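A.B. asks: Would you mind keeping the following structure in view while I ask a few things?
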Amino acid sequence: MTQVGIYACLFAPIQLLIGMQASMIARDHKEMVLSVVTGCGAFMAMFATPIFGALSDRTYSKYGRRAPWVLGGVLFGIFAMMGLTLSWSAWALAGSWVLVQGALNASFIAINAIPNDSVRVEYRGEMGGWLGAGQNLGALLGVGLATLCTSLVDGYQGIVVAYVILAMLLTVCVTPYLLKSNDRFLGARRDPITVTQFFRRFWIPPHKYPDFIWTWLSRLFMFTAFMTIALYLLYYLEDVLHYPNPATGVLILSTIYAVLTMITSFIIGFVADYFMKYRRLVFISSIIMGIGSLILAFLQTWTWTILASVFIGIGHGIFIAVSFAITTRVLPPTDDSGRDLGVFNMSATFPQVLSPIFGVPVIVLIASYSMGYTVLFGAMTVMFLIGGLMIYKVKSVE
């Protein structure tokens, strides 16, 4: 449930609300504003996850080591989301989004470290399916609520209402975990360390853990391609397909994608644990998502876009189900699972920095929107395939 709330509050702004705010702030430069805002937020998320993950590893309280960070991140995240409702300039919007990303990623990495603390290795494909389903349900719910609010309430007030509703949803989703949590630190209290030692521990030597590095790079390429498509989907519908109501179009496509992702991740999570063919499934997922990206690049009609969302949904469902299982197998053998997962999660947050770097020059500098998105999404097809091939460099996982 906590995953649902966090992803709703992270994904709805990225895919819909910030794009709408960028259009209101600077209509003629909306791509640049969107890219700056999301890039700044992603930069914060990239560093927040390993730092807060490491802090949760070393937290000793009567409420456990993860729960305090989940609660603190959610409370500060709600406060920062209210700042988004008051952001009338690009820099104010960027500042508020940076705070939201930092806070909610503190909660995100704490909640994601719990399965690694308590779930046996042979069941982590199944757990990956559950986590993937929760994340996609959250993304779908967030986009759906945001679309409903902006459709029923005109103008900027609709965006404000959307953020308030998302904050309420987050509160509802996190409350059961906080009330029922049996999170306790059962190990021995660890020796204090200096600030320098704390940050030095984030370095994971590539020569000692090559499988960790190759898995990280594979995820980096896959998530960069996926996040680029998600980030610019609203403007793709508006400027290329000229869809009458782009926000509704995003909701339709997100629903198709999310439902297929949830179904696929559940099925593949169980299948992967039985057959243990994780690398092959990652490569298959990269091909399927690459086909979806290729459709968006060259077959620019609404019907083909729906089919593209089908391919991307199925491919992403396969990927997230097996990705968690692979990740927990290649992590260094330490007690710092929060830190290690935080470092690993940088492969999913750094793409939010890279996506604007790829997207803005291509879309803005190429005169035709249609050709710009052809080049951009065509390049993302290549990114998917490279990410899928890289996983074969991982030797400790089949």
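Each residue's number is its place along the chain shown, starting with 1.
Cβ coordinates are placed from backbone N, Cα and C, and glycine is handled just like the others.
Just so it is clear, the model here is predicted, and its values are computed rather than measured.
Per TrEMBL, the features are:
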{"type": "TRANSMEM", "residues": "7-26", "note": "transmembrane segment"}
{"type": "TRANSMEM", "residues": "32-55", "note": "transmembrane segment"}
{"type": "TRANSMEM", "residues": "67-88", "note": "transmembrane segment"}
{"type": "TRANSMEM", "residues": "94-115", "note": "transmembrane segment"}
{"type": "TRANSMEM", "residues": "127-153", "note": "transmembrane segment"}
{"type": "TRANSMEM", "residues": "159-179", "note": "transmembrane segment"}
{"type": "DOMAIN", "residues": "211-398", "note": "domain 'Major facilitator superfamily (MFS) profile'"}
{"type": "TRANSMEM", "residues": "216-237", "note": "transmembrane segment"}
{"type": "TRANSMEM", "residues": "249-272", "note": "transmembrane segment"}
{"type": "TRANSMEM", "residues": "281-300", "note": "transmembrane segment"}
{"type": "TRANSMEM", "residues": "306-331", "note": "transmembrane segment"}
{"type": "TRANSMEM", "residues": "343-367", "note": "transmembrane segment"}
{"type": "TRANSMEM", "residues": "373-392", "note": "transmembrane segment"}
A.B. asks: At an 8 Å Cβ cut-off, counting only pairs 6 or more apart in sequence, do the transmembrane segment (216-237) and the transmembrane segment (281-300) clear the bar of 3 or more pairs?
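C.D. replies: Yes, since the transmembrane segment (216-237) and the transmembrane segment (281-300) share at least 3 Cβ pairs closer than 8 Å, they count as touching.
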A.B. asks: What residues in the same chain, six or more past the boundaries of the transmembrane segment (373-392), come closer than 8 Å to it by Cβ-Cβ distance?
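C.D. replies: Tertiary neighbours of the transmembrane segment (373-392) are 214-215, 217-222, 224-225, 228-229, 232, 236, 240, 279, 282-287, 289-291, 293-294, 296-298, 300, 315, 326, 358-359, 362-363, 366.
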A.B. asks: Under an 8 Å Cβ to Cβ limit, what residues of the same chain, 6 or more beyond the ends of the transmembrane segment (67-88), are close to it?
C.D. replies: 2, 5-6, 9, 13, 17, 21, 25, 52, 55-56, 59, 61, 95-97, 99-100, 102-111, 159-160, 163-164, 166-167, 170-171, 174, 177-178, 181, 183
